[in-house]
Amino acid sequence: MFCFQCQETAKNQGCTVKGVCGKPEETADLQDLLIYVCKGIAIYGEALNAAGTLDREAAHFICRALFTTITNVAWDDDVLVDRIKEGLAVRDAVKAKAGEAVSGSLPDCATWASEDKAAIMAKALSDEVRITTMANEDVRSLRELLILGCKGVAAYTDHAAILGYEKDDIYAFLMEALASTTKELSVDDMIGLVMKAGETAVAAMALLDEANTATYGHPEITEVNIGVGKNPGILISGHDLKDMEELLRQTEGTGVDVYTHGEMLPANYYPAFKKYSHFIGNYGGSWWHQNKDFESFNGAILLTTNCLIPIKGDNTYKDRLFTTGVVNYPGAAHIGDRPDGGAKDFSPIIERAKTCAPPTEIETGTIVGGFAHHQVLALADKVVDAVKSGAIKRFVVMAGCDGRMKSRSYFTEVAEALPKDTVILTAGCAKYRYNKLNLGDIGGIPRVLDAGQCNDSYSLAVIALKLKEVFGLADINDLPISYDIAWYEQKAVAVLLALLFLGVKGIRLGPTLPAFLSPTVAGVLVDKFDIKPIGTVADDVAAMMAGK
């Protein structure tokens, strides 16, 4: 195996024996093969699209396959083998539709086929499937930066499609991007595709924002309970709001309460979910605390997307763990996909929850969130007045991911060290590093404004662009906004590329720069966008307050 897609990759170089995430070598190899098959699908899909037809079935498969390979999603090798077989069938179907639109010699990813599990496992171990097959580290870096950004785009696109919102331009780009990694392109062309991935990430996040808000209303300022009730419960983690909706509806009147965990916390901000009295609040912290949080919750647990981490030997919740969608785990029960026009059947997890003890209380009180673009723009006059009066000197965007590395205490310390005339704008699970601190407010405006899930980083971009307009500025970088971003997985890569496409410069990225950036590619990003690693808390806070 060779995997360097997440921030915690071994020695910030790459995992070669077992993933730091816990991913076994065989699982990593099968995920590589699934991407390899997707490249073959994309070759035919791109040609078909150029001829005037976009194959949505193939596009849907590519989105879900890319999503499957995001860190902390897929753990079951048998499921991955089935996905590979399904991908080969999809590829054959697209190939038949493309017909003479594809000609000439084709790469192995467009022709290799097998239905035999042993042969599939052997292929997953072959050199041609490895990332490291490309000897030129700069080409490899640009290809992987593109693919990893596409994984984030695919995840957001899949969520939007579940709610009935789709754009063929996004699907077409994913095929173009994957197909491009099988071609000999110039460095300039590859950089162009990486920037197009940023543009597509903006489009995907905008589409998902439209899907979520049209379906569930605009997030609003909300005090979220972090204590517990007296009934048994279901803890729902991940990002899928459709699953949240159906679970709340099916648990109503059953005596089973529902709590969010991790990135599902922002579900508490949506008006549509507030009518459910058995929706109690949020339990626990960010994803990497789940071994402890899931244990003390006592009830049933539903993983709708990443992040699911391996169960430890002393954990007892495996028989209470349920997965759904693209998530899977060996030995865990799985809730199947919804039938066309229907809902998922959550009765197995509801019945399991009824047999469980109520959650153990681990904290009490409330946290405040719901500051997506619609809510913040409703407060625009108040915010603008605070900036003009000097009450707010600077905004610091601290969106992104949380993770296990001790060095991530930097983000807590920055939040604590920032002057009291600064406001933190956040989205994603990075918020858990500071959203329970008592940082106060500025004239009634909380000093931590949580927009929501990682995809709601789109809201932070909308807010910045609106402030640019209000203050009559020509450049988004002239705003009193600094960016101190925490990254972990591939959705954060998509968000980073989106910010770069929007012209944002001077982003601090930590706790380490990505291992998949070669020195040359990292140099390009530094020269063109002034991306920089994090430094010491004192130095970075001083620099940000000076607009550097």
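Note: Cβ is positioned from N, Cα and C throughout, glycine not excepted.
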Per Swiss-Prot, member of CYS15, CYS38 binding [4Fe-4S] cluster alongside CYS3, CYS6, CYS21: CYS15
Same-site hybrid [4Fe-2O-2S] cluster binder from GLU220, GLU223, GLU263, given that Swiss-Prot records HIS239, CYS307, CYS401, CYS429, CYS454, GLU489, LYS491: GLU263
Long-range Cβ environment of CYS429 (hybrid [4Fe-2O-2S] cluster binding site), under 8 Å and at least 6 residues apart: GLY262, GLU263, SER286, TRP287, CYS401, ASP402, CYS454
Alpha-carbon spacing, CYS3 ([4Fe-4S] cluster binding site) to LYS491 (hybrid [4Fe-2O-2S] cluster binding site), which is rounded to whole Å: 16
Structural state of CYS15 ([4Fe-4S] cluster binding site), classified by DSSP into three states: strand
Other residues, Cβ within 8 Å of HIS239, GLU263, CYS307, CYS401, CYS429, CYS454, GLU489, LYS491 Cβ centroid (hybrid [4Fe-2O-2S] cluster site): GLY262, TRP287, ASN306, GLY428, GLN453, TYR488, ALA492
Coarse DSSP state, helix versus strand versus coil, of CYS3 ([4Fe-4S] cluster binding site): strand
Listed binding-site residues among HIS239, CYS307, GLU489 whose Cα sits within 10 Å of CYS6 ([4Fe-4S] cluster binding site): GLU489
